[in-house]
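Notes for the one structure printed next.
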Amino acid sequence: ILVIGGGVTGLTTAWALLDVGYNVTVVSEQWANPKERITSQIAGALWEWPPAVCGRHTDLVSLEHSKGWAMTSYRLFERLMDMLPVEDHGVRMRLANFFFDRPLENLPDQYQKMKEIEHCGVAGFKHGAKLVKQHAVNQKAGVVDSYRHLAPVVDTDHYMYWLRDVVSQKGATLVTGRVSGDLLAQEDALLKNYGAVAIVNATGLSAIELAGDETVYPLRGALIRVVNDGKRFPKVTEALAVGIDDAHKGEQELVFIVPRNDKTLILGGIAQPREWNLDLSLESPEIVRMRERCNYFVPGLENAEYDPDAPFVQGNRPTRSENVRVEREMRLKRDGSSSHIIHSYGQGGSGFSLSFGCAGEVLTLLQELTVGVA
């Protein structure tokens, strides 16, 4: 099987395919590295029940699929943490707290999401206005309701290096290279060149070109990284997010504070649709506002020291107006025969949350596709 894309979606898919016995080649233009971080490394990577805080979900059918994929990922992250020490993979289970400026009963969409979370099987769920007072958040910040649950938090640099090693050690061939142009037009040539019977397209934003999908667009995000050692401010050990309520869905600025690992705290966030240029800096107005929001929400953060290795990171979430696409290529090849391409892209800001679930879906589609294929 040829997997195109070396981000969290592509590599997790490769892992799933390797575990059931497929031979896998992964082609990617870039891999996770410390200097030029790929999108998966920049991600907030807090597991969230769909739709995510930074999400833009419009397609209800796809949203229902995403919920199942998210729970598959939750369970597999749990198993990973049970089986291997955090030093291996960099995934930690932390309390994730979501705050709101009105009682949740007055926010129908958010209330429904909370009730789904309560019953979906995540651990540690609790809801109540008292939670606001139990946290070191600014009691004048205007939040009046909150819920929390345990959620996997991924140290993305650590995890992506580890994930690549896992896939390599399981026998995948990793090829650094670029595939360009519509995959359907070159499908037979790619299958022949790589000795494959099917192609998985996990290329994120490149699906605009490779799948001819003009509903894909970037959702620009950025994070400030600060030292979280307890010296300049009380150490933050839980994730804190202010949910965008029903009346403010169009707004693109939020509060998103997550301990990345035991020494780094990430501060966010923004969600800017169709902004291709990664030209933001710590001095950009929206980033200044982002820092001010976080400082106001958690007093003491104004004293934080920047992470010396990477004080500021930015990237484009690969988003799709019709939501996540995990399905077979429906267009026919020139000779009228069915395509052997399976797509998995458009996860937006939920790449880690959906990673194992989408990989399982690709595996199912692939097994249907390859029945009877030599």
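Please read every residue number as a count from 1 along the shown chain.
Including glycine, each Cβ sits where the backbone N, Cα and C put it.
Copied from TrEMBL, the annotated features are:
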type	residues	note
BINDING	Thr39, Ser40, Val179, Thr203	FAD binding site
BINDING	Arg317, Gly349	D-dopa binding site
DOMAIN	1-361	domain 'FAD dependent oxidoreductase'
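Feature map: annotations from TrEMBL on the structure.
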residue	record	contacts (Cβ under 8 Å, 6+ apart)
Thr39	FAD binding site	Gly7, Gly204, Gly315, Asn316, Arg317, Pro318, Gly351
Ser40	FAD binding site	Gly7, Val8, Ala32, Thr156, Met160, Gly351, Phe352
Val179	FAD binding site	Ile4, Val27, Gln186, Leu190, Thr203, Leu210
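Secondary structure at Thr39 (FAD binding site), taken from DSSP and collapsed to helix, strand or coil, is helix.
In the three-state DSSP assignment, the secondary structure recorded for Gly349 (D-dopa binding site) is helix. Summarised as a single figure, the pLDDT of the domain 'FAD dependent oxidoreductase' (1-361) averages 95. Reduced to three states, the DSSP call for Val179 (FAD binding site) is coil. The secondary structure of Arg317 (D-dopa binding site), as reduced to three states from DSSP, is extended strand.
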